[in-house]
Amino acid sequence: MKLSMPRFDQAPVLVVGDVMLDRYWHGGTSRISPEAPVPVVKVDQIEDRPGGAANVALNIAALGAPASLVGVTGDDEAAESLANSLKAAGVLARFQRIANQPTIVKLRVISRHQQLLRIDFEEAFNTDPLALSAEVYSLLDGIKVLVLSDYGKGALRNHQALIQAARKRGIPVLADPKGKDFTIYRGASLITPNLSEFEAIVGHCEDEAQLVTKGAQLMQELDLGALLVTRGEHGMTLLRPDQQALHLPARAREVFDVTGAGDTVISTLAAAIAAGEELPHAVALANLAAGIVVGKLGTAAISAPELRRAIQREEGSERGVLGLEQLLLAVDDARAHKEKIVFTNGCFDILHAGHVTYLEQARALGDRLIVAVNDDASVSRLKGPGRPINSVDRRMAVLAGLGAVDWVISFPEGTPENLLSHVKPDVLVKGGDYGVDQVVGADIVQAYGGDVRVLGLVENSSTTAIVEKIRGQG
C-alpha cells in the first residue's frame, strides 16, 4: 500500500465526548519517606495537557486539520487550563460548564521519566443531552467527519441521536467505544475498540480467525460500516462487510508510554477520512501515528512533520530517486526541520570527477541537495543524436549513490522551471562561467527570496570531451 500525506488543511472534524485534563507533576526522587516506605518526590514542574476527547481534538489540530470540540467540564481552573491550551492549538472548543462539579483531572506523578502514581479527580457528569446535542447540531454542517470520544464519564448520553443526525447529512461517524453495551453505537461508520474492549463484548478470541468471525458478526448486528480492533504490540485489524480482513503490524520502534494511543488512532483516522482518503490508507496512517506516539511520555500529539517523516521511512524516500509527490513530501519535512534546500540540474550523462566535486560544493551550501536530471528525450534534443550514452534510470541511480546527493528526480522539459515552481528551493546552483542573471530559473527563485549561486567548473572535466575521446578511439 503506497502512503502519502493527505491534505489535512481541507479536513474539518468535530469531536464530541468526555473532556478531561491530564496533569503531570514532575520531580526528582532521591529518598524514601520516614513516614511510610514510599518515595519522596520534590516537584519542580507542573504540566497540563488536554486529555480524553480534548486530546483527540488536539491531535487532529496538530496534523493541520480544522478541529472543533464539544464536551462537558466543571466551572473551575482545570476547565480554564483546558480552554487556554485548546485555543492555543487552534481548536474551537465549546464546553457545557457544570457548576459545583469538578472538571475530570488525571494527575500523574512522574520522576526520572517513570510514572509513580496516578490520582483521579472525577465524578460522572449528569448532563442535559439536549443542550449538548444543540451545540453539535449547530456545527455539523461545516464538518466532514464526526468523532464520538466516549470514556463513559457522562458527556455522551445520546449516541443514537448524534449518529442519525450525522448520517442524514452524509457525515461519517467514528466512535471510540467504552463499556459493555456497544448497541449505543449502532449505525456508526467505524468503531475502534482495543482488543480488551472488543473481547468484553464478543468473548475471548483464540486466534485471528476467531477475531475476524466474531468481528463480522458484531458488524452485522450493529449495522457498522467497519470495525478496527487495535491490538497493542500485535498491530491492528480492520474488518469491513464482505471484504477480506486487513491486518497491520505494529510500527512502534520503542514503546515508552501507551497513554493516549487510542486517541491518536481515531484522530488520525478521522482527519485522513475527512481529507478524502480511502479507509485502508487512513488505517495505515493511523498505525504509523500510533507507533510514533507510544514513544513519547504521557498524553501527546503527533505533528504533521512527524507523520511525514514516518511516511518517508515507510516509502523508503528519505534519500534516493523520487517522483514529484514523494519529493514534495520530503522537502516539506526537511523544511519543518529547518533544513536548507539546494537544487541543481543537468544531464549528467557520464558522471566524472568534475561532477562529483561540483555536487559536493553545491551540497555544502545547504542541508539537502536535489539533483534534477534531464530525461532521455530532452538530452537528445539538447545534445544531439547519439546522446544520452546512459539512460535516465542509470544516470539517476549513479547520482543517488553519491553521499552529497539527497534526492534525484527526472524532468522531461529542456529546462527545470516547472520543478522549481513546485519545489521552491532555498538555493539554486549551476556550474559555469556566466552571471547569475543567465541561470535558467533564477527569476523564479529570486522572486520568492531564494538565492542563486554559480560555481566554477573543474578544469579538464567534460562529458562531451569524454564522449568525443571514446568515439575517436573507436
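Residue numbers in this text run from 1 along the chain shown.
Every residue gets a Cβ built from N, Cα and C, even glycine.
Lifted from Swiss-Prot, the feature list:
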REGION    1-318  region 'Ribokinase'
BINDING   Asn194, Leu195, Ser196, Glu197  ATP binding site
ACT_SITE  Asp263  active site
REGION    343-474  region 'Cytidylyltransferase'
### Message
I need the CA-to-CA distance for Leu195 (ATP binding site) versus Asp263 (active site), whole Å please.
### Response
15
## Note on the structure
Asn194 (ATP binding site) falls, by three-state DSSP, under strand
### Message
Spatially, which candidate from the binding-site residues Asn194, Ser196, Glu197 is nearest to the residue listed as 'active site', comparing Cα atoms?
### Response
Asn194
## Note on the structure
Between the binding-site residues Asn194, Ser196, the one whose Cβ has the fewest other Cβ atoms within 10 Å is Ser196
#### Entry: DSSP-assigned states of the region 'Cytidylyltransferase' (343-474) in counts, ordered helix, strand, coil
55 helix, 26 strand, 51 coil
### Summary
Around the recorded ATP site (Asn194, Leu195, Ser196, Glu197), other residues with Cβ within 8 Å of the Cβ centre, ordered by sequence, are Pro193, Phe198, Glu199, Ala200, Val229, Thr230, Arg231
### Query
What count of other C-beta atoms do you get within 10 angstroms of the C-beta of Glu197 (ATP binding site), across all chains shown?
19
### Query
Which one of these recorded positions, Leu195, Asp263, has the sparsest Cβ neighbourhood, judged by other Cβ atoms within 10 angstroms?
Leu195
## Note on the structure
Averaged over the region 'Cytidylyltransferase' (343-474), the pLDDT of the predicted model comes to 88
